[in-house]
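Since the structure comes first, as C-alpha cells, the remarks are kept for the end.
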Amino acid sequence: MKCFVFEAESGLEINFALYGSHTGCCYQKSSLFLLHQSDAEPQNGGCLSAAVSVSVQLRPKITSVWLVAGVNLLPLEEMDTRPKVSSLLNRLANYTNLTQGAKEHEEAESIGEKRKTGKSPQMGTFMGVYLPCLQNIFGVILFLRLTWVVGTAGVLQGLCIVFICCCCTMLTAISMSAIATNGVVPAGGSYFMISRSLGPEFGGAVGLCFYLGTTFAGAMYILGAIEILLMYIAPSTAIFVPSSPDGEGAAMLNNMRVYGSICLLLMSLLVFVGVKYVNKLASIFLACVIISILSIYIGALISAFSPPKFPVCMLGNRTINGHTLRDHQCAKTVLLQIKEPAGKATVLWEHFCEGKELNSSCDDYFSHSNFTQIEGIPGLASGIITENLWSSYLSKGDVLEKSSLNSTHTAHPASFQQPYVFADITTSFTLLVGIFFPSVTGIMAGSNRSGDLKDAQRSIPIGTILAILTTSLVYLSSVILFGACIDGVLLRDKFGDSVKGNLVVGTLAWPSPWVIVIGSFFSTCGAGLQSLTGAPRLLQAIAKDNIIPFLRFHSAHLHVFGHGKANGEPTWAMLLTALIAELGILIASLDLVAPILSMFFLMCYLFVNLACALQTLLRTPNWRPRFSYYHWTLSFLGMTICLALMFISSWYYAIVAMVIAGMIYKYIEYHGAEKEWGDGIRGLSLSAARYALLRLEEGPPHTKNWRPQLLVLLKLDEDAHVKSPRLLTFASQLKAGKGLTIVGTVIPGNFLHSYGEALAAEQTMKHLMDKERVKGFCQCIVAQKPRDGISHMIQSSGLGGMKHNTVVMGWPHAWRQSEDPQSWKTFINTVRVTTAAHLALLVPKNISLFPSNNEPCTEGYIDVWWIVHDGGMLMLLPFLLRQHKVWRKCGMRIFTVAQMEDNSIQMKKDLATFLYHLRIEAEVEVVEMHDSDISAYTYERTLMMEQRSQMLRQMRLSKSDREKEVSLRRPREKSASSSAEHHRRVQMTWTKEKTMQDHSNVRRMHTAVKLNEVIVNKSHDARLVLLNMPGPPRNPEGDENYMEFLEVLTEGLERVLLVRGGGSEVITIYS
C-alpha cells in the first residue's frame, strides 16, 4: 500500500494526480488528508479512477509531504539522505569489498554497480589463510640458518630465541585478528588496518616501512636461493674464483651479486608478465616446503637406529675443512705396505708442513695433535644433546672446536692458510635474534587476501593463529631435533664445509640431502616471487590513498605508483620495487640483509599491537571486534616485545628505521592530504583533550604558566572579506607564547536565515588563518546586534580551562567620518565588556601599517611606555613579539614617567633591577614631566572634554594653523548641522564659561597632549609603541570624548599597540 499524506492549512487548492492500475480513495480526518492506493474497494469517500486529477481545499501552506510504506512514514525531502532500511540491507548484502560510508570509495562503488557482478569469494580458512601463511612463514632461514643458530646459541638459548620471536608474532596475530574482525578489511592487509586505526600519518609511515620490509624480504629470499645454487647445487658455476683462501669471502659476495641481479631480473619479468603465473606456481612451491620439512622429521626419527654417515675430520679439537680431503684421508700419513713403518704423506700433511717429506718442518699444533674422525650425525639416541645445550659464540676468524675433545697442546692462533673451518662473522645472542626473526614473518598473508575469503572475519583469526601455532611447533621441535641428532661442530658449520659442502640440514634429511637442497631452492624462489608480487601492490594501495605527496604525479589523471596496466598490475611500483630489492642484493650477505627487514617487520607489528591496544583502551563505540580473545595487556606486551627485539637484534638499525618512519610521519603531517578515517589517534586526541581540560579546571593558571590566549575579533565587509587581515598577522607574530587562538566574527541577522552566510564567513576565516599560518579555531556568531554578538562571544568562547584571556580587536578607523555611528560605540562597549570580564585587551592602531610576516624589521626599537602597572603585559608582549622573525632584530626600550616628587635616578635603577630579575634585556629611560598630573591619566579616566580641536590649537598650533583648520571644518559643520546627529559632533564654540566649567577635563586633556608630545619626541622612529590603554568612562555620555582622548594620546605615532591588562599578574621574577 502506498499513501500520500498532505498536511496543510485551509484556503489553498491543491491539484494532484494518481497514475496506476488501482483505484484510490481520499479520506478526510480533521485537518489531515490521506490519499492511498490499494486493491480493496473504498469504504468511505468518493472513488477515484486510475488516472484522475483531484482538487481539495487545504490550509494555506503545505508543511510536509510523507511517503508511507506499510506503517513507516518518511519525509520525501529526507529520502536521499536517509535511505529505507530495505535498500540499506540490500546494499550491505551486495557488498563489493568497499567500506560503507567511506567517501573515497563512493566513486568506485558507483562504477562497480555498472559492471557485471563477478564471482563471489569462495576461499575458506584452510586454502585462503592457513596455507598462504605457512608458505610465507617457512622460508630460507629454516633451511640455511636454523642449524647454525642452534649450534651457536645452544639448544636452550635457541629455544629462547624461537620462543620470543613466536610470542611476538602470536601476540601480533591476536591484535591483528581483533582489528581484522572489527568490520570489513579490504585487500591491503596490514597497511589498511594500521592506517584506518592510527590515521594517515602512522599508516603512511608504517605502510612504507612494511613495503620496504617486504621488498628486502624478496632480496633476502633471492640471496638465499643463490646461496643454495652456488654452495650446494652447482658450485662450479661461480664466476669469481679466489686465488687464495683469504679471497674466498669476497669472491662469494661478488658471485652472489651477479647471480642475484640476474635472478631478480628474471623474477621481475615473470611478475610483470602476469601474476597468474606466480599463483599457479605457488602450490608447487608450497609442496616443496612441506616435503622438505617432512623429510627432516623422517630423517631425525630414522637416525635414532640408523644414523647417516657424514664423518667430520678433527685435528685435536679443531674442525678440518672437508674440501681439502681430496684423498679422503683424515690422517697425517698413509701406510703403503704393512711391513714398512713409514708411509706416504697425505694431503693434510702438505697443508701443515713445508714439504711432502716426512721429516719436513710442520706446524706446532699439527705436530702435537692427532687426527680423529667423529660422526657428524650421531643420531637421536646418541645423547649428543647434552653437549649442544650450551652456547658457543665465536668471533670472526675463530676455528670451530669441539669442547669434548681435549687439545694436548696450547698452540698459536690458526692461520687462514691452514685447512680449518673458520667462523665468518662474530656471533652473539642479539645477532642471532635479528637473523632468525624473518623466519617467523609472513603472518599478514591471510589478511592480505581478505577480499578473496568467503568469511574473512572468521577465517583470518583461525587460519593465522593455527598457522603460527604450526610453524612455532615446527621451529621449536626442529631446535630440539637438531640439537639431539647433529654434532655441535657440524651445527656451527654454517656452509657445511666440514662435510664437503653438504647443506647441514640436508645431512639429516631422508632419503637424500638433495631432497632438502632442491626443495629449499624452489621454496625460496617461490617466497621471493611472492614478495615481489605483494610489495608493488602494497605501494600501489598507499599511492591510491593519496596521502604521501612524493608518490603523487603532477598530472590530474595519473598517479605514477598508483597506475598500472589495463588489468591493474602496478607497473611503476614493480620497477621501484625491483630497484630497491637490487640494493639488498648488492649487500650480498644474507646475514646482513636479514636484520634490515627484521626492523621493518618489527615496526609494522609494533604498530599493529599499538592500534589494538589504543582502540581497546579508548573504548570507542565502533570498536566491536567479533574476535573476543584479546586484551589490551596482550597488545601492550606484544608491542613491548617488538620494541625490545628491534634494539636487541640491532640497535643502530632500529634507530635508523625509527628515524625513517618518523621522517615519513612528519612529511605526511606537513605536506600530506587530510584524511578523516575515524582513526584511533583522533580518538586518543579527544580523550587526551578531555583529560587535559578536566585537569585545567582544577584551578587558575599560575603566573609562570600564563600565556596570551587570544580571541581575535574580525570584521567582515558585505562580500564576506576580512576588513583587517593584518590583525591575524599580528596574532601569528604573538604566537611564541604557544597559547590558544580563537578567531571570531559576528554576522548581523537571524541565525535561521543566515546559517549559510555564517558557514561562508567561517570558511573565509579558515582560509585566511591557513594563509597566515595561524593554528587555532574559528567561531562565527549570528546576532541581531553586533555589540550583543561580540559580548556573547567574549563570554562563551573557549571550553573549560582553555578559554581566552586576551581580546585583540582593531581600532575603528576614521570613526569621526564613519557613516555608521554605532561602530565606535561598539568598540567602547567591547572595551567595557573585556574590563568587566577581567580580560586583557590589545588594540593595534594603524594596523594596516604593521609589518607582514614577509617583512622583517632589520633594525629599530620596540618602545614601551610604562605609565601604569597592568600586571606586566607591557613587559611580556615585546618579549613574545621578539621571538618572531619579523621583530627579532628589534631592540627594546622601556620609558617610564616620573613626577615632581619622584627620584628619577632611583627609579631608573629600580627599573633596571626589575628587568634584570625578569630576564628581559631592554634599555631603560625615565622621563620627567613637570607641571603634569599623571593621576588625570590613571584615575577614573572619564574624560568629559568636548573641545578637543580648541585644545589642540591652544596647546600645539600657531595662529595661522588655527585659522586654516577652522576654515576647513566650517563646511563640514554646516553639513553636520542638518543631520540628526548634530549634537554628537564636535562643537567649535569657544566660551569662557564652558571652559571654566570643564576645567578638570581640560587639565586631563592637557596631560594627554603633553604626554603625547613626550612620546612623539622619544619614539618617533620606533617600529612599535606600546601604551597603557585607559579604561572608558563610567558615564556613556563621555564616550566620544574618550575616543578623542585616545586620538590625542596616539597622534603622530605610526604603529601603536594600546594595551589594557586583565587585572592579574602575567609575569614573575621567580623561576
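Glycine residues also receive a Cβ, built from the backbone N, Cα and C atoms like all the rest.
All TrEMBL annotations are machine predictions without curation.
According to TrEMBL, the protein has these features:
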type	residues	note
COMPBIAS	958-975	compositional bias 'Basic and acidic residues'
DOMAIN	129-306	domain 'Amino acid permease/ SLC12A'
DOMAIN	423-711	domain 'Amino acid permease/ SLC12A'
DOMAIN	725-842	domain 'SLC12A transporter C-terminal'
DOMAIN	858-1071	domain 'SLC12A transporter C-terminal'
REGION	954-986	region 'Disordered'
TRANSMEM	124-144	transmembrane segment
TRANSMEM	156-181	transmembrane segment
TRANSMEM	202-234	transmembrane segment
TRANSMEM	258-277	transmembrane segment
TRANSMEM	284-305	transmembrane segment
TRANSMEM	425-445	transmembrane segment
TRANSMEM	466-491	transmembrane segment
TRANSMEM	511-529	transmembrane segment
TRANSMEM	572-590	transmembrane segment
TRANSMEM	596-617	transmembrane segment
TRANSMEM	629-646	transmembrane segment
Selection from 258-277, 425-445, 511-529, 572-590, 596-617, the stretch that has most Cβ pairs under 8 A to the transmembrane segment (284-305):
511-529
What residues elsewhere in the chain lie close to the transmembrane segment (202-234), defined as a C-beta under 8 angstroms and at least 6 residues from its ends?
139-141, 143-144, 190-191, 194-196, 252, 255-256, 259-260, 263-264, 267, 438, 441, 495-496, 501-503, 506, 517-518, 520-521, 524-525, 527-528, 531-532, 534-535, 538-539, 541-542, 545, 547-548, 577, 580-585, 587-590, 593-594, 596-597, 599-601, 603-604, 607, 657, 660-662, 664-665, 668, 672, 677, 679, 681
Look over the recorded stretches 124-144, 425-445, 511-529, 629-646 and say which has the most C-beta pairs under 8 A to the transmembrane segment (466-491).
124-144
Below 8 Å between Cβ atoms, which of the listed ranges 156-181, 511-529, 572-590, 596-617 makes the most pairs with the transmembrane segment (124-144)?
511-529
Positions whose Cβ lies under 8 angstroms from the transmembrane segment (572-590), at least six residues beyond its ends:
140, 144-145, 212, 215-216, 218-220, 222-224, 227, 253-254, 256-257, 260-261, 264-265, 268, 271-272, 532, 535-537, 539-540, 543, 560-561, 563-564, 596
In the same chain, who gets a Cβ under 8 Å from the transmembrane segment (596-617) while lying at least 6 residues past its ends?
168-169, 171-172, 174-176, 178-179, 182, 190, 193-194, 197-198, 202, 206, 209-210, 212-213, 216-217, 220, 434, 437-438, 441, 584, 623, 630-632, 635-636, 638-639, 642-643, 645-646, 649-650, 653-654, 656-658, 661, 680-681, 683-684
Looking only at the recorded stretches 156-181, 258-277, 425-445, 511-529, which one has the largest tally of CB-CB distances under 8 Å to the transmembrane segment (629-646)?
156-181
For the domain 'SLC12A transporter C-terminal' (725-842), DSSP counts of helix, strand and coil?
59 helix, 24 strand, 35 coil
Please give the sequence-distant neighbours of the transmembrane segment (156-181): residues at least 6 beyond its ends with Cβ less than 8 Å from one of its Cβ atoms.
149-150, 190, 193, 197, 389-391, 429, 432-433, 436-437, 439-441, 443-444, 447, 450, 456-457, 460-461, 464-465, 468-469, 471-472, 475-476, 479-480, 483, 602, 605, 608-609, 611-613, 615-616, 625-627, 629-630, 634-635, 637-638, 641-642, 645
Short question: which residues 6 or more past the ends of the transmembrane segment (425-445) have a Cβ under 8 Å from it?
129, 132-133, 135-142, 145-146, 149, 152-153, 157, 161-162, 164-166, 168-169, 172-173, 176, 189-190, 213, 217, 220, 391, 393-396, 464, 467-468, 471-472, 475, 591, 594-595, 597-598, 601-602, 645, 648-650, 653
Which whole number is the mean pLDDT over the domain 'SLC12A transporter C-terminal' (725-842)?
84
Sort out the residues at least 6 away from either end of the transmembrane segment (511-529), same chain, that have Cβ-Cβ distances under 8 Å to it, and list them.
135-136, 138-140, 143-144, 217-218, 221-222, 224-225, 228-229, 232-233, 263, 267, 270-271, 278, 281-282, 284-286, 288-289, 291-292, 295-296, 502-503, 505
